[in-house]
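What follows is a single structure, written as structure tokens, with notes after it.
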Amino acid sequence: MPSIELSSMGAAGVSELGGSAGLVEQGAPPEELQDAPGRGDVSTATLEQRALRLPPDGVPQRRSSSTMPSTTAARQRHLLTDDGILALEGSRTPEVMSRAPSPATPSAASRRGILGDGDDREFDEEGSVSQSAGGRVEGRMQSRPAVLPSLVHEVIFVLICGTGQLLFGWLLGNVVVVQRLLAVDLGIHNSQKPWLLGSFLLTNGLSVIISGSLSDHIGSRKLLLGGFAWLSAWNLINGFVLHNKYAFFIARAMQGFSSGALTSSSISLLGQTYSPGRRKSRAFSGMAALAPLGYWLGALHGGVLADHRSWIFWSFSILAFAFLMVAWWIVPASTEHPSLSTYIRPGLKHFDFLGALLAMIGSGCIVAGLTQGSPSNWASYTYVLVIAGVATLGAFALAEKQAHRPLLPNSLWKVPNFTAVIIAYFLSYGAYSAWQFYAIDFWLNLQRVSPLTAALYLTPNAVVGLVCTFLTASLLHLVPGHWVLIASAIASGAGAIFFLPQSLDSSYWAFSMPGVALATLCPDLSFAAVAVLFTTSVPKASQGAAGSFLMTAQSLSSAILVSLADTIGSQTTASRPEVGMVASSNSTLPSQDSELDLQAHRNIWWFSLGVALLGAAITATCVRIPKTQERDHAE
């Protein structure tokens with residue numbers, strides 16, 4: 001007898017099968033079940049609502065069979081056949097539902113089943129769908145989630161969720177192309193320029209540590225809307241403080257907090273809305289592509305307004321407010337179907353405040369110590385900051401083991417090769433960030449191009465990012481994930497390879513353009529692969545925390561490796577005083593500081609190449625990620 005084996009399926013999971021059927025009624029007393037004639041007239045909605053009532057032990061109860069007249073309407077669904085049991089959401093034990101013999105071959109309509117809310121899948125020719133112990137369901141790609149009523153609504157929803165990555169890249173690009181002009185406005189030394197990005201990246205990394213868990217406690221939609229409002233307000237303020245470096249860095253830091261909240265809540269929303277499969281891979285691939293696209297748009301934005309720098313921030317404030325209005329309209333209040341919204345958020349009283357405090361202090365001390373190392377010639381206090389940061393993160397790890405609801409879900413540590421994956425991602429993305437920052441510095445300060453020209457040089461970021469949106473979603477289903485990560489690390493190193501032979505008059509088309517195009521594959525490939533892995537491996541209730549850890553690694557890797565690269569470049573220039581004096585004489589920066597020369601840039605790119613290849617080697621030897629498959633979320 002052909003059978004259907006279902007495990008951990010949604011409570012609305014039903015199938016239209018021929019023959020007589022009984023009804024699963026959760027938590028209903030036997031007398032109620034027996035004295036309910038005319039069950040054949042009960043509507044589909046009523047059946048699904050009653051199917052949600054589970055007994056205390058979570059095991060579905062089976063009533064005595066009653067006759068349900070067959071119908072030609074394809075929408076009527078029989079919940080249980082006479083000789084089988086249906087495992088509903090909340091039951092951790094796989095049960096088997098067998099189809100009663102039918103004299104007629106079921107039609108195409110009767111072979112269709114609904115495996116979870118909004119998740120239509122076809123039965124095979126034998127009329128069965130099997131689900132393995134790993135939760136994989138053989139069948140076609142999932143349909144659109146039920147909470148998104150139309151394709152247009154779904155596209156806008158994914159784009160709004162992707163704005164976390166879009167604006168993250170934008171807030172870096174619109175400052176990095178005018179870094180030279182901002183350094184003059186603020187009166188900062190060349191060695192302090194990494195703080196133009198570091199102040200943002202530091203708080204972004206600190207924010208995402210706590211915002212992921214926070215979104216799981218108070219709701220991702222609230223955090224997303226709050227992030228847009230906060231970002232709009234602080235960009236408005238930023239436009240008024242361009243000649244006060246302390247106020248400027250504080251405003252940038254506040255923008256980092258909001259950007260981190262946006263990205264974590266966006267990952268949480270996508271992770272909760274989509275079940276693992278091609279549709280989810282496409283959503284995360286689109287999100288990954290928006291980071292380099294945002295960087296390019298931000299660079300264009302900064303380049304066009306280079307002579308009106310206050311408007312760089314004021315116009316961005318208007319843009320963030322517009323996104324707030326769209327998100328208010330398009331993002332659903334709940335990412336689950338109303339009939340399935342049984343999860344009650346724990347609220348702030350269960351939030352891990354101690355873990356959040358330790359994580360923020362530890363990460364902050366490390367980034368601050370490394371970023372201040374070069375400007376202070378590695379004074380004693382910078383070493384103290386780094387050591388204190390490492391010790392505090394050790395205390396954070398111990399505190400998490402004792403926390404009732406830790407910032408990072410326990411299931412995240414059970415992700416296959418978790419430590420190796422996060423180290424490899426940290427190295428490859430950090431190498432990409434260090435290469436890119438000093439590639440732009442090379443164009444601006446050595447090749448002496450204008451901010452707008454430097455922005456146009458980044459055009460391959462946008463083009464390759466859009467191509468990767470479609471490429472990555474397919475790759476994750478055709479190729480094991482660790483090969484995608486290896487390719488991303490190699491791509492990160494490719495950027496440095498094309499910049500190493502450059503001179504002050506090198507052609508953009510011969511070296512810079514192919515280098516930028518290849519290096520852009522790094523964030524697109526790696527983010528999508530790791531995001532899908534993490535959000536697929538944890539329950540829906542922990543999607544925000546999983547996403548936050550990924551974004552923490554991304555932000556801190558950028559801040560730390562750019563700081564280390566600056567130290568390498570500064571030491572190279574300092575070891576050649578005659579070069580430093582020449583560079584300083586051509587600079588509009590304070591005279592006690594010199595710009596990095598060409599050899600300093602080359603040493604930085606060698607460093608980036610080595611770090612990227614180390615990430616590729618770790619992935620090749622220590623990481624194994626299977627191809628992405630259609631299945632349910634982890635329990």
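Using N, Cα and C of the backbone, Cβ positions are placed for all residues, glycine too.
Annotations in TrEMBL come from automatic prediction, not curation.
According to TrEMBL, the features are:
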- 1-139: region 'Disordered' (REGION)
- 62-74: compositional bias 'Polar residues' (COMPBIAS)
- 98-112: compositional bias 'Low complexity' (COMPBIAS)
- 117-127: compositional bias 'Acidic residues' (COMPBIAS)
- 151-173: transmembrane segment (TRANSMEM)
- 157-627: domain 'Major facilitator superfamily (MFS) profile' (DOMAIN)
- 223-243: transmembrane segment (TRANSMEM)
- 283-305: transmembrane segment (TRANSMEM)
- 311-331: transmembrane segment (TRANSMEM)
- 351-372: transmembrane segment (TRANSMEM)
- 378-399: transmembrane segment (TRANSMEM)
- 411-435: transmembrane segment (TRANSMEM)
- 455-476: transmembrane segment (TRANSMEM)
- 483-502: transmembrane segment (TRANSMEM)
- 508-534: transmembrane segment (TRANSMEM)
- 546-565: transmembrane segment (TRANSMEM)
- 604-623: transmembrane segment (TRANSMEM)
Before we move on, state whether the transmembrane segment (311-331) and the transmembrane segment (283-305) share at least 3 Cβ pairs under 8 Å, counting only pairs 6 or more apart in sequence.
yes
Residues from the same chain, set at least six apart from the ends of the transmembrane segment (411-435), whose C-beta lies under 8 A from its own:
485, 488-489, 492-493, 495-496, 499, 519, 522-523, 526-527, 530, 533-534, 537-539, 542, 545-546, 549-550, 553-554, 556-558, 560-562, 564-565, 604-605, 607-609, 611-612, 614-616, 618-619, 622-625, 634
For the transmembrane segment (378-399), sequence-distant contacts whose Cβ falls under 8 Å of one of its Cβ atoms, 6 or more beyond its ends:
352, 354-355, 358-359, 361-370, 372, 567
Can you tell me which recorded stretch out of 151-173, 223-243, 351-372, 483-502, 604-623 has the most Cβ pairs within less than 8 Å of the transmembrane segment (546-565)?
351-372
Could you name the stretch, out of 151-173, 223-243, 455-476, 508-534, with the greatest number of CB pairs under 8 A to the transmembrane segment (283-305)?
151-173
At a threshold of under 8 Å on Cβ distances, which of 223-243, 351-372, 483-502, 508-534 pairs most often with the transmembrane segment (604-623)?
483-502
Other than its close neighbours in sequence, what residues sit by the transmembrane segment (483-502), given a CB gap under 8 Å and a spacing of at least six beyond its ends?
421, 424-425, 427-429, 431-432, 435-436, 439, 442, 472, 475-476, 511-512, 514-516, 518-526, 528-530, 601-602, 605-606, 608-609, 612-613, 615-616, 619-620, 623, 625
